[in-house]
């Protein structure tokens, strides 16, 4: 999975050969790939190989036992003929029949034993090999350099681990076992045929060669197109996961239909490639089913000639022909298993390519120097940097600077100037294209990467915490040393680090203290709490170098003060490099470096640079807050603020930490809510019939195609009873005495001709089955994916607040669950229907010919069916457990990939892999018992058929001895019913498919049945029915836009014990700007969420021009609103796509787009790119800096020309210069619209018409900037804390 090149290659004239080589190896890995393992079996251990060898031998022996049937059958025919000729007495007939019937019993016992051992062994080793492959793949991913991830499709890793690995595991377990058994049956049958009479076997052998060649060539063609289809399905999975991860912005912009169309477009491309593969498979299956009829025709025709010449006996002709029959049906069974195996091979090839890629920045290798001491002196010497994924832009140009040991160095500058890139170079996330980065005089490229990162601690603007306890998260900072400490020592060290980070007090106040789970992404904690836990995590390793990248920019003033105090303490006695936009945080730095467009423009201390009145002084001036000189803060103003650090939710309940005493209560409430909304997908139990009915309803549009395919399936099933009539008739004919040989030859020619005709009809029937039903199945899978994706995208935010509805889990439903449901689609249903028609027709035929023997044989079929049904139930339970484990492991792997920079920075690769292996091993231990039971039932369903044969022959011989039945009657009953019994057993080879489909249908039905209370049911579906008459009143367009919160109270569904807003009443007049300020957790962003109708108030109303917003059409309402949030979302695609994303379906000229870019202060950057607006931004905007992404989001909002503008920390990621320009543009466009701002940086709100100070969801203060300063209250304290002096 080497990332593709996404941007144009740099002009060769700009780069020398060395620079091109540096970029190339970061994109494509080092030359001379590691020794690549050829297939999944290379991941088997010695014990696995022993078990696999024994299992393979048992599978071969099980397959080889089947052709012994013709031998026993030939002996019985000889006895029957002898009785008819008078050479065998009735008592002798009964005795020999009983003996030969016992042979069938012995055959059944042997087949059961061998099948059981083979099945258990393959399931056991297959699970272990797939587990090893999963682990190795994830290890290979975690080894890769950052450029690899910059171009990696969103959701691709999760899709590989969840869906593709499941296909591989299935291929090397049940499918491989079935295929080996079938191959052994075919080979043994071929040998038996040669032993019986080699000439006849030699005559028909070309047909076997044709069948093998057909499978080989057809399989290669199928793999090629199936591989392309899998690549496209992986791409579609990436689109889905990216959309679900950004669901709030998707909802706000109303782009559900746009993303659904993009998703569907890729699915259609995948379906085209898949259809080519399926058409070839259809031809192969039809040919394999038709070919045996030609073999019958030729075998009987040739056999009759040798019989009349006296070179063969009747027993040899019948035994040879029956052996050929068994061998041909074995080849038919090979095809579907080979298809699954080849699919697994194709997928494994892509996985092995990723595993074989050699990373130029591998954290797990032992190479590189490890100096015994570190001083911490960092020097960049004439460093140039070009990102491999954006090789047309110089990020750093000839930068030389020094970060002195044990000193605090700050780097400031405009957005995109290269500040964070310097930190990336120090961490060795990227390689410089020129110059060197030195640590204590050593080139860091010569140092061991893992050792280097252990000396460094990084604290980001948005710190990543993992879904674990606070204790575990802090210990992740020194994961390599934890094993050396006792539990008490671990806790002591964590407490010490927490005290240094100013985090111990709030952690101790929690009910579970350091053992409190922080939730996914740490969202159970506030922003300030997360930041302080991240600082503690950084300090526990006692790093020599501390990197702080906008560590306080996302915090309110009070949280910033507490975190800044912790950072100041952390910076003591170590080299510290700070990247910051808020200059108040770096005034005390020992050295300040100012960057502009990748170059150093100024250096010095804060006071020296201010005195120069240059670029730095201009930045300082822009961050001053007016009028504070008239209202000085008293001494200790910072300390006067209460330690209330709970953070407001970012459009969701997950980010707001509740009162600590209520945590357990809320967890129970969450579980209950999840159950009530139907999100507990495993709680719904669907039977196989319900699953089939569900699939039928989904396939209603294609009923004509389905009807055609299923009709052909019934006709195809009837060909086997017809074969039994032909077979029994010919066996009777070839028993004629020598005087009747001319008649024998004539009738054999006639029946052989009928076999040839049956070949053509069988081929046509099976082609109709496979082509029609595979087409319908593809349509089913595409429709399910589309409907589920649309359903997910229109759900209310409360749905996504439920922990089980993570992007990875929902993406899994769209990929693996859809595939599993399709596994019980057309071809499988057609196969089952074919087998049922064969069984029923066989029973009817046998009853018509010889009802006594037919009733006895038919009575045994339910036993076979019961064994298969029990196996299905066991597999259903087993698959449920495996599925849950797969979701858990895939979700964890997805979390690691999404947070790979944090994983790399902390050196967590080995720890993460160990935990991942633990998740997989835990499930493997649980599944062993189910494997043992399921294998026993499967072996029983495969071997009981020979007990049926024993009974049939014994009772048939008794009827012949008593002259009640002729040999023809016994032959036709035996062939039709024993074949029917075998086919009844074959139905349950589809048990794994049915089991997976049953579980998948539960998940998919839950998704489809979800009914959002706010959003429309589906973008293209009918609008939801409204209750009452009030909601049916005419819609009004947003015009004057007077916004009023009328006594609004609200509690997040996922946080039912605490009110986010409490009786809030605020009015914003048309055209006014309202600023919402306050501490984290005060309810500011909740107001934005309610205005966007992500949620509806519990009490009160929100009015627009006097009308409740709940009475408006939600899509029309949101079109007149633009949201710019701190959490900037950039979608994969071009800059143009991202700016126009909120105007889906509307014609927008480039001039309009460029004007919006100019307003957002990003025009110069866009025009500097070779591809301009057509430049690809990478996954999640990975090609852009944080400020550039924010300005694109602002340009997007400007272009929508909204009537209501919502700004939630819209400029928090911008440098002072960009912020001033963008703020000026915002001030200009606010004149014609109502604006509601949420801000921590108070310099951005001082010109607002109304400023509301919120606390604990209530309105604390209201007024203008000057009025609130005059009150010397809460707002005055906040302003005083942010002023620069």
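Going from the start of the chain as shown, residues are counted 1 onward.
A Cβ is built for glycine as well, from the same backbone N, Cα and C atoms used for every other residue.
Copied over from Swiss-Prot, here are the features:
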- 54-343: domain 'ABC transmembrane type-1 1' (DOMAIN)
- 467: N-linked glycosylation site (CARBOHYD)
- 1037: N-linked glycosylation site (CARBOHYD)
- 1138: N-linked glycosylation site (CARBOHYD)
- 627-654: region 'Disordered' (REGION)
- 57-77: transmembrane segment (TRANSMEM)
- 102-122: transmembrane segment (TRANSMEM)
- 176-196: transmembrane segment (TRANSMEM)
- 203-223: transmembrane segment (TRANSMEM)
- 281-301: transmembrane segment (TRANSMEM)
- 312-332: transmembrane segment (TRANSMEM)
- 707-727: transmembrane segment (TRANSMEM)
- 753-773: transmembrane segment (TRANSMEM)
- 831-851: transmembrane segment (TRANSMEM)
- 855-875: transmembrane segment (TRANSMEM)
- 931-951: transmembrane segment (TRANSMEM)
- 968-988: transmembrane segment (TRANSMEM)
Among the ranges 203-223, 281-301, 312-332, the one whose Cβ pairs under 8 Å to the transmembrane segment (57-77) are most numerous: 312-332
In three-state DSSP terms, the structure that residue 467 (N-linked glycosylation site) belongs to: coil
Entry from the glycosylation sites list 467, 1138 having the most other CB atoms no farther than 10 A: 1138
Recorded stretches the transmembrane segment (176-196) and the transmembrane segment (281-301) touching, at least 3 CB pairs under 8 Å: no
The transmembrane segment (203-223) and the transmembrane segment (931-951) contact flag, 3+ Cβ pairs under 8 angstroms: no
DSSP three-state assignment for residue 1138 (N-linked glycosylation site): helix
Inter-residue Cα distance where the pair is residue 1138 (N-linked glycosylation site) and residue 467 (N-linked glycosylation site), in Å: 31
